[in-house]
Amino acid sequence: MTDENGTKPENGNVPESTTSETPVEPAKTDAIELSPASLVEPKKVEEPENNGAIEATNVAEAEGQVKKLPYPKSVFFIISNEFCERFNYYGMRTILVLYLSRQLNYSDDTATVIFHIFTMFVYFLCILGAIISDSWLGKFKTILYLSLVYVCGSVLVTLGAMPPLNLPATTFTMIGLALIALGSGGIKPCVSAFGGDQFKMPEQLKQMTTFFSLFYFSINAGSLISTTVTPILREDVHCFGEKECYSLAFGVPAVLMAVSIVIFILGRPLYKSKPPAGNMVVLVSKTIGNAISTKWKEKKTNPREHWLDYADKKYDRQLIEDVKVLMRVLVLYLPLPIFWALFDQQGSRWTFQATRMDGDMGSWDIKPDQLQVLNPLLILVFIPLYDVAFYPALSLIGIRRPLQKLTLGGILAGVAFIISGVVELNLEKTYPVQPSEGYIQLRIFNGIPECSYTLGSNLTGYERISINGLGLGYEKFIYIENKTLPLKYTVQEQTGCPKLPGGTFIFKEKLAYSIFLQNKILPQSAHVYLEAMEKSNKANPLVRNLANINPDSTIVWKSHKTGDVESTKKANNREIIELRATTYDVLIDDVKVHEVTLRHGGVYSLVMGIDEHDTTVTQLAEVIKANSMSILWLIPQYVVMTLGEVMFSVTGLEFSYSQSPVTMKSVLQACWLLTVAFGNVIVVIVAEAKIFKSQANEFFLFAGLMFADMIVFMWVAYRYKPNDPNDPSHRVQKIQNFEPQGNILKIKGVNQAEARFSPTYQPNPNRGVPRYTKRPQVD
C-alpha cells in the first residue's frame, strides 16, 4: 500500500532523500561560514573525502550548541489525522468495484473504468493541492478546507448506498467520488510536509525521523485495518433488508474521516504554520513555458545550445541549469506509468477475479475484496527483509545499482500478471458453458417421486426423452435448425403415475430452458421456464424452489449455524433467490425436511415432492457448478507484485531524488505522482477497448506491455548520464566565478555539503532550500 509519497519507508524510517522533499529541510542542511578571504584563493576549497562524515559532524556540532528541544506535541494530532484519513480512503477504495458492479449494476469492465478514473484524478489533483498550499492558502487551511470537501464526498457515497432513502444512488456516488478525489488528492502532498514543519532543524533531526516513522506506520496501519474490516461490514452485516450492508461499510470510514477533521482542528493551538512561499512546480512550469515560447520566436535569429537557455532573459541561470538536470531525470520516468497500470489493478481486476473463486476456509470465509489486505501486510514484512536478505542476495548475481533494481521490480510486476493469467486460464474451466449459436440447453426436472415419464417432442434426434425418479432427470445441449423452434411435447407416464398434459413452447437459440414435471400446483402440467445461465455477480449461491407440494405451504431457508431466516417463500413461487454461502436447514411449514450446504457461485434447484407414504422428499440439483478453485491461489501473484512494488517504488524514488537538484525534489515528487495517474489512464483505455473476451488474455497483454516497457527502460537507463550535484570541478568553477557580496557567505549542505554561488540565488534560511529570484526583464 503506497504512502503519501507513493512509496514506502525502508525499515520504517524516512530515507534521507525523502525527507528533503518536505518544506522543512532535515538537519543534514548545514550552514558553513566562509570568509571572503577563502574565496580569493579557490584552490584552498577542497572536496571533502567523506561528505557524509562532515555532514554528521556539522549536525552533531549544531546539536551540541543548541539546547535539546522538546518533542512537538502537535505531530500526534497530525499522525492521528493521517490514520483516520487513510482508513477512510483505503476502506472505501477496497469495496468500491464490488459496490459499482453489485449495487449499481455496472458491468465489470465499466466498474473497472470508473475505479481507475477515480484513482487517476486522486493523483492528478495532488498537483493542485500542492499549488494551492504553497501559493495561496498554506498547509493548514488547505488540509482543513479540502478535508471538509473529502468528508462531504464520503457522506454522499454513504447516503447513496442507503436503499430506504430512495436517493439517486448513481448520481450521489459519482458526485461523492469526485469530491473524495479532490479532497484526498489535494491533502496528499500537504500532510506529511505540514508534520515536518513542526520541527526546528537541524536541532530536531532525530525527532523528525521518529515522526516520519510513526507517520508511515499510521498509513500502513490505517490501510491494513480498513481493508480487513470494511469487507466484513459489507458482507457479514445485514441492513435495510439486504444481504450486504454497503451503507455501513462506507459509513464507518466516513465517520473516521469526520473524526480526523476534529482531531486536526484540536491541534491548531500547537501548530507551527508557515506562510505560502510559492510553488516550485509552478516556477518550473513557467520556466519551461517561457523557454518554449521564446524559442519559437527566436530560434532562427538567436540560436542557443539548449532549448531551455531561451528562458535566461527572464529566469535565473541557476534555475535553468537545475531544470536541465531535472529534465534528464524525468526521461527515466517516461516508462514508469505501465508499472502503476499493473499495480493498481489489485483493487479492480484482481478483486473481480477473486469473486469467481472459493473463499471457504472451513470455519471462516475470505471475502474477495478482503484479499487486498495482503499488500500492506506483506509490505511490513518485505521492507526490512530487503536490506538484510534480498539486496545482499541480489548483489551476489550482480544486481547492485538502483536502475537494475528498478528494472527487476518492473519485471516482477510482469511476472505477477503472468501468474494471474495462468490462474485465470484454470479458472475459466470452472465457468458455466453457454449454448452457442444454433443451440439451446435443456434440463428436465421431475417433481413426482417414484414415477418415470417419457417426453415426446418434435426435436430432431430427441423425439423421446426418458425421465426417471425425483430431481434432475435430463441435461443436454440440443441443436435447432432455425433461430427459434416451437416445441411441441407430450408426456407419457408409467403405470400408476399421475397423468400430465403436453403443450407448446417456443425455444430460441443461445438460451437455457428447464421443464419441471409436477401435478400439485395449478395448472397441473409441466412448467417451462428460462434457466439461469450465469453465476451471481456477488459470488453468492442462487437457489430455485421447485416444489410439487401443497401450494399454500411455506418454504423457509434458515441458517444452520446462526438460525437466521434467509428466505421465506410460498411453494408456488419458483423465482430464483440469492442466499449466502453456508449450510441451511430447509423447513416446510416449520418442519425440517432437508439440510444442504450452498457454496460460492453455485446455482441450485431444490426439487421437493410427496412420495406414496405422504412424506416430503427432496433432491438438490446443481445447475451451475459452484466456485471450485480456492482463493488462496491468488496469493502468489500478490506476493510477487508486492516484491516488485518495494523494489520499484522505493528504489525509483531514492535514485531520482539523489540525481535531482535539491530545489527540484518537490517537482520530482509531483512528476512521480503523475506517473501513477497516467498508469490508471492506461487501464481505462485497455478496459474500454475491450480487445479480448478472455480476461486471461488481457492479463497476458499487460504482462507483455510491462516486459516491453522494461526493455525500453533499460535502453533509456543505459544512455542516462548520472548527475552529481556535488562534483568538485563544478563547485570550484562556481567559486571562481563568484563575486562576494558581504562579509560572510553561507553554504547550505543537503545530504552532502553543497555550495550555491549564483549572484541571483538567495537561500531561504527557514527552509534550507534555495529560493530563486527572477532576473530583470531584458528587452
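Cβ atoms are placed via backbone N, Cα and C, with glycine included.
Unlike curated records, TrEMBL annotations are generated automatically.
Small disclaimer: the values here were computed from a predicted structure and weren't measured.
Marked as compositional bias 'Polar residues' by TrEMBL: 8-22. Among the features that TrEMBL reports, region 'Disordered' is placed at 1-28, 756-779. The feature transmembrane segment is assigned by TrEMBL to 113-131, 143-161, 167-187, 208-226, 246-266, 325-343, 373-394, 667-687, 699-718.
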The transmembrane segment (246-266) vs the transmembrane segment (373-394): 3 or more CB pairs under 8 Å: no
Result, the transmembrane segment (113-131) in contact with the transmembrane segment (167-187) (3+ CB pairs under 8 Å): yes
Long-range Cβ neighbours of the transmembrane segment (667-687) (under 8 Å; 6 or more residues past either end): 2, 5-6, 21, 109, 112-113, 116-117, 119-124, 126-127, 130, 188-189, 280-281, 284, 326, 329-330, 333, 336-345, 348, 652-653, 656-657, 660, 698, 701-702
